[in-house]
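Down below is the structure, laid out as structure tokens.
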């Protein structure tokens, strides 16, 4: 690979890893397995090591985790809360042990081995024996204050009474949800018409970040694994664990002190075969140098300690038979194929289904009915098919062909965008889409009508009582009372929930409409700039992409939604029902107002020494500025590099718009 190819690949991988980092740490909605993420990160690290001058300033290899959330107060860590370097290779564990001996010549080194629980790292701060704060890892230097939420976890002690307590100390651990409680939670969600959560880690992260301090925190548990204090003599990690146990913190009893590499490898091998017997998900083993002075000598990198490493188990991959494929219809009309498999025991659970994602995946795998397929469960509830054993394929086997018509309403499918995604275009008449839209509309993050679950929605649709979300607001007592199983109290609960939803703020209503690509965060961002539905409905694509973090795809999706007369009619009914379709002016005091480029708009023309144009656009957006594509009276600045478009320069001069160069925009960006 030459240097130009490396530059492009580093840029691509940096953006890709940052994207998946955000999904994992900030949104708790990962799209790929840990193993796939680690492989991407390893590729980026290898390229950056080969071409160190091409490493980007925002490289995820130089930072930990994700940004703290704006929803919670930020707390700076007294000691950096670094992540661990990890490996899937036994050889690299051996190299780690050899490096430790090389850097500590002649020393006797003990290694402390612990299981790596698949949860969320948290820090507990105690003062005078009382729990003062609980903070997430965040970016390693600062995290979110989740104290009130964490206090709901039963085995986090809020007061410790012991004569040997120091004035202040910090305990670190892993919050998690047991496999049994995770299954109970998902059964509960399904009973209320909610989508099941993907895995226990997602459930834990989402629960800890729920703004309400009440709720299902008692589903959570916590294992503690670290003690920090300037007021204590802590010569070894083993002593730290002993103090935690003495103070009645919840410590996993699965740790082991090892004196040789052979003992370390035996510990790894034992738990690889025994991990499915545990009540909680693990994804590997953590190996630490036990002695604190030796840890200090080995030191830290910017991202991780040199005295510890995480060995991660590869996802299990087993073979079974593909029996059939069916097709599910989502609320936006997306058709998702699901493979039905001959049941097999994988990672401690019986697996009968696997996701196939889209038509492209079926084609890539060259699937035939009756194939012997390899499945992998990398922490997700629905595993995926990773390959096919073609040598075992029957000569008369039938290839899997993606459906051409909607399985719910029979409408011919259409392919949209460049992705291998097929949609049912019958947005108003497809019963599965309506079910999905209504489930989304009543969700707690949208209109929060918790008294309406999946079964109620199905009955309302089957009775012809509801054809759009707006029809919920015209339901009468007798309409609901006539549904199977509904008595007076349940009926009144539904009506009360519908009435209460009229007070949900504008950003929640916008999210509830189910506009493609407009999630909870994007809805909030849009309504900070467009504070009522009428103004938003008249916004152009160019107007919308001027909003930080709003790209072309989202902007087109929003404008397309408001160009549809049926959607405008729906909004009129929601207005008449009394929903909040505007945001109070006070709410426009949003986070970007204190950023250096807040409220300013820019057009970029030409090439630049320090940036690609897309990089410059993202920097401007992150500093609060907006990006326009054309010169207009709305523009504040035209940024000109080498060989700018002469037409744009002339147009800017004619309108009296300021032109600035690369040095000036760097000053404005405060870089």
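Note that Cβ sites are derived from N, Cα and C of the backbone, with glycine treated the same way.
According to Swiss-Prot, the protein has these features:
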{"type": "BINDING", "residues": "34, 35, 36, 37, 38, 83, 84, 114, 137, 174, 288, 312", "note": "NAD(+) binding site"}
{"type": "ACT_SITE", "residues": "116", "note": "active site, N6-AMP-lysine intermediate"}
{"type": "BINDING", "residues": "406, 409, 424, 430", "note": "Zn(2+) binding site"}
{"type": "DOMAIN", "residues": "592-671", "note": "domain 'BRCT'"}
Cβ-Cβ neighbours of residue 288 (NAD(+) binding site) (radius 10 Å): 23
For residue 137 (NAD(+) binding site), the three-state class that DSSP assigns: coil
Cα-Cα distance linking residue 424 (Zn(2+) binding site) and residue 137 (NAD(+) binding site), given in Å to the nearest integer: 42
Long-range Cβ environment of residue 424 (Zn(2+) binding site), under 8 Å and at least 6 residues apart: 329, 333, 335, 406, 408, 409, 411, 413, 430, 432, 433
Neighbour-count leader, CB within 10 A, recorded positions: 116, 137: 137
Cβ neighbours of residue 430 (Zn(2+) binding site) where a neighbour is any other Cβ within 10 Å: 22
Fewest-neighbour residue among binding-site residues, criterion Cβ within 10 Å, set 84, 406, 409: 409
406, 409, 424, 430 excluded, remaining Cβ within 8 Å of their centroid (Zn(2+)): 329, 333, 407, 408, 410, 411, 425, 426, 429, 431, 432, 433
Mean per-residue pLDDT computed across the domain 'BRCT' (592-671): 81
Distance [Cα-Cα, Å, rounded] between residue 288 (NAD(+) binding site) and residue 116 (active site, N6-AMP-lysine intermediate): 12
Residue 38 (NAD(+) binding site) to residue 116 (active site, N6-AMP-lysine intermediate) - Cα separation in whole Å: 15
Packing count at residue 36 (NAD(+) binding site) (other Cβ atoms within 10 Å of its Cβ): 15
Cα-to-Cα gap, the residue listed as 'active site, N6-AMP-lysine intermediate' vs residue 36 (NAD(+) binding site), nearest whole Å: 18
